[in-house]
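For reference, the structure is listed below as structure tokens.
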Amino acid sequence: MSLHDFLNAQLAQRHRDQLYRQPWPHHGKQQPLLRHHGRDYLSFCSNDYLGLASDSRLIDTLQHASKDYGIGSGASHLVSGHHQAHQELESALAKFLGRERALVFSTGYMANIGVMTALMGREDAIFADKFNHASLVDGSLLSRAQSQRYAHLDMAALANLLARSEKKHRLIISDGVFSMDGDIAPLPELLHLAQQYDAWLMLDDAHGLGVLGETGRGTEAYFNALNSVPILVGTFSKAFGGMGAFVAGSALLIDYMIQAARSYIYTTALPPALAEVNRHALHLAQTESWRREHLHFLIDYFRQQAKILNIPLMPSITPIQGIILGSAERALTVSQALWQRGLFVTAIRPPTVPLHRARLRITFSALHQKEQVDQLLSALAELLSPCFISTDTA
Ligand code: PMP
């Protein structure tokens, strides 16, 4: 088969399955109102949970820092790309998370694959929640370790797999807050099982950090288990509004990552100006607790009103609120009808979520207002009513 025929066949299949996707451009900043072809759309699908991506103070920091440091880091960290701004960000992160050290990566995807491939090899086994983020799935594949996936949040299944494993090293990996479902991993049980079976524990708290806990220390804070996870990964691309990521842990862990994490070693360091912005964002996220308070107010309000309006939500207390619609076609129909009403909520379809679990993934930001949530609620109530669409999820 020619390359041309192969590509055509692949794309045609995706069209037939309603799984074809394309990014589309918007103008202006990332904030609840996104401008597209001269019209404003109220967005409920960004991960900018605290509304920091459009913060004017951070924009100033980026301007000043890029004037001082330039726009690029010029090289990878171990050549000449490591800047004082990275160093200071790492110290601020370690302090925020109560860890000995932290290490900055260019993205969360790279942090995950870097950490996993550095730690795990052919003789080892990785125990992963089935709904873990794609970067954790890819990290597992790249590591060549045996992959053991347990049903979502099923701690009995995890215990069972651990009890039967005879691999040299065992690493349990979970999202803290699950990116598509918004529910929270049972951290106390994960810690307990890691101890019981002499396994290592890694938590990817991309969606929990900044959002959960009094000062935003994430899933650990939610469970009153600060400093408990030995390998903690987070990203600056969600609540902190920017870009870049990190792993935090013991000085020993970080020292080893610098030697062995290939996605740290063999890539250009994050621009120092972005490191500076991330440090500022980290400070704002910790100190401006009104952002978290307002966000959680909106989440509670949305859930209460959805219940009254018979809008079927998935269980979640985080800014990620899902409505399962079943087929990709149904999810697309509702998403497009919302779009026509000036509301932007992406339809999430397989392979991002399991087959027959296509959904609307609504996310809230501290910049949303209650009236805007009302607008979303009334559109959802109309569109999910049996006269518009069947909510049968078969
Ligand atoms: N982990 C999780 C749980 C995520 O949701 C994401 C982003 N969608 C990542 C890691 C990757 O982070 P980044 O966007 O910084 O690469």
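Glycine is treated like the rest: Cβ placed from N, Cα and C.
Record features (TrEMBL):
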- Arg21, His133, Thr352: substrate binding site (BINDING)
- Gly108, Tyr109, Ser179, His207, Thr235: pyridoxal 5'-phosphate binding site (BINDING)
- 40-380: domain 'Aminotransferase class I/classII large' (DOMAIN)
- Lys238: N6-(pyridoxal phosphate)lysine (MOD_RES)
Distance-selected binding-site residues near ligand 1 (C-beta under 6 Å), from His133, Thr235, Thr352: His133, Thr235
Within 10 angstroms of His207 (pyridoxal 5'-phosphate binding site), Cα basis - recorded positions out of Arg21, His133, Lys238, Thr352: Lys238
Annotated pyridoxal 5'-phosphate contacts Gly108, Tyr109, Ser179, His207, Thr235, maximal Cα-Cα distance (Å, integer): 13
Separation of alpha carbons, Ser179 (pyridoxal 5'-phosphate binding site) and Thr352 (substrate binding site) (Å): 10
Residues near Lys238 (N6-(pyridoxal phosphate)lysine) in space but at least six apart in sequence (CB under 8 A): Asn47, Asp48, Tyr49, Ala206, His207, Leu209, Gly210, Val211
In the chain carrying Gly108 (pyridoxal 5'-phosphate binding site), residues 6 or more apart in sequence that have Cβ under 8 angstroms from it: Ser135, Asp204, Ala206, Val233, Gly234, Thr235, Ser237, Ala245
Residues flanking the pyridoxal 5'-phosphate site, with Cβ no more than 8 Å from the Cβ centroid of Gly108, Tyr109, Ser179, His207, Thr235 and excluding those residues themselves: Asn47, Asn112, His133, Ser135, Asp204, Ala206, Ser237, Lys238, Ala245
Tertiary neighbours of Tyr109 (pyridoxal 5'-phosphate binding site) (same chain, Cβ under 8 Å, six or more apart): Ser135, Asp138, Ala245
Integer Cα-Cα distance in angstrom, Arg21 (substrate binding site) to Ser179 (pyridoxal 5'-phosphate binding site): 19
